[in-house]
Amino acid sequence: MPPKKSGQMRLPLLPLSLLVFLSLPVALCANVPPLSMQGREQTAQKPMGEPADEELTVRYWLRQGRAQVAARLERTQDTVTNGRRAKNIIMMLGDGMSITTLTAARILKGQRQGHSGEESQLAVENFPYSGLCKTYCTNEQAPDSACTATAYLCGVKTSKGTVGQSASGETVESLSMWAHRAGKATGLVTTTRVTDASPAAAYAHVAKRREELEVARQLVEEQPGRHFKVILGGGLGKFNFERSDGRDLVQQWKSANPEGCYARSISELRDCVSCNGSILGLFSDSHMGFHLAHQAHKEQPSLSEMTAVAIERLSEHPDGYFLFIEGGRIDHGHHETRAGYALDETLEFDAAIEMALRLTDPKETLIVVTSDHSHTLTMSGYAKRGTPILGLDQLQKDLNGVQYSTLNYAIGKWQSHGKDGRRENPGKTLTQTSLTPSYIPGFKGVHSGEDVAVFAIGPQSHLFGGIMEQNLLPHLMGYAADLDSLRNVDTSI
């Protein structure tokens, strides 16, 4: 039965020929203020670090406040949106995207545009509703990406390292399965291996996240993975040459999808746009490359490009879709304790969010953006406004008279102290790609256990406010789209 007409005209989608493969940084609104600046006045720019003349006046800040109150009222009082159900759900995950990461990425975004940075905005800052999620798993204060993925995709908290199963070993269904059962199309996009812990929870069930060969098999052979219309990311090795059973799961997928299209590069993905079937894109043997190393990975599509292809393909389905999108290498930058990599990946994720907003209608598509866990990145000191976020505080020094960086990790690979116990001046070694100083020596950066942010826009987005358990997220998304998340569960007491 065809879907009911909403009575609202669907926003026109820009053709792929204009959007997808031009490698644009999502600066596509030439005559319209970007989403990140709506509700804000434009000020005359002065040298970096110096406030604009308007910012020194009371009138400027009062006008800003009133304008932003009006903008928030317009966004949050949309009773039409909040009263209807979502046809489509897009969940976007910034892996390891702590609140400090968001703040630092916002500043970096502004500084790359020639501003002081602090006044800049990320796309999610214009979402009408936001809250915080508690990320602990059943046996860990600071979680990993497996137990958190099972929480935000399956609605059940579990133990560290477990994907798609409860802490007692029971199999749990994912939001992808709920959507498939309701007749919706499904898909996933990630910059990690498509069998890595976060995307795996959308379709797989394994006791240990490292069982990625089994995860790949489940993606190709079992529900809901074998029904995915779009699978884009890295991890070819888990499908063939890393396998000890001699199987080629890519060839098996091709046989099961005779009208589908398989892509290994951005150019091949372009060719897939014209096919009528499902799309499988595996653009690297393992994880996809960091954006900052783009010159070494020119044939890999960006997260924004993969997002556009996925949304365009899934939008063809008359009954709607569920799409999981992960900016997975934010986490890897933090584990390397290279804040420059992590923040750049966050801005790539921000660009993908902008792309998703441009390609969807907020009256029928619920977009939820969150993180799975935090990292130990800190932003400290009394740096002057406009201080390069990846550089040194130009005024503050420690007790030994040594400058320190604005960003540091609590635990990480590059210790800020020398053999004599004194802090070393990092100024000569700090670059966009260098290691970021850390306080406690470690083999790598580690996760931290504080709450993470969640942002929502679209039908039923008002439900995503306050502080909540992470496993509540898929139940809220399921409710928003009228999916039966508890069909096979006895919840009686």
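Note that Cβ sites are derived from N, Cα and C of the backbone, with glycine treated the same way.
TrEMBL lists ASP331, HIS335, ASP372, HIS373, HIS447 as binding Zn(2+), and of ASP95, ASP196 the one it places in that same site is ASP95.
With respect to HIS335 (Zn(2+) binding site), the closest of these binding-site residues in Cα terms is ASP95, chosen from ASP95, ASP196, SER198, GLU326. Within 8 Å of the centroid of the Cβ atoms of ASP95, ASP331, HIS335, ASP372, HIS373, HIS447, where the record puts Zn(2+), the same chain has further Cβ atoms from GLY96, ASP144, SER145, ILE330, HIS334, SER371, SER374, HIS375. Cβ neighbour count for HIS335 (Zn(2+) binding site) (all protein chains, 10 Å cutoff from its Cβ): 20.
Shown are the binding-site residues HIS373, HIS447; of these, the residue with the fewest other Cβ atoms within 10 Å is HIS447.
Comparing C-alpha positions, SER198 (Mg(2+) binding site) sits nearest to ASP372 among the binding-site residues ASP331, ASP372, HIS373, HIS447.
Spatial neighbours are here defined as Cα atoms within 10 angstroms of one another, and by that definition ASP196 (Mg(2+) binding site) has no neighbours among the binding-site residues ASP331, ASP372, HIS447.
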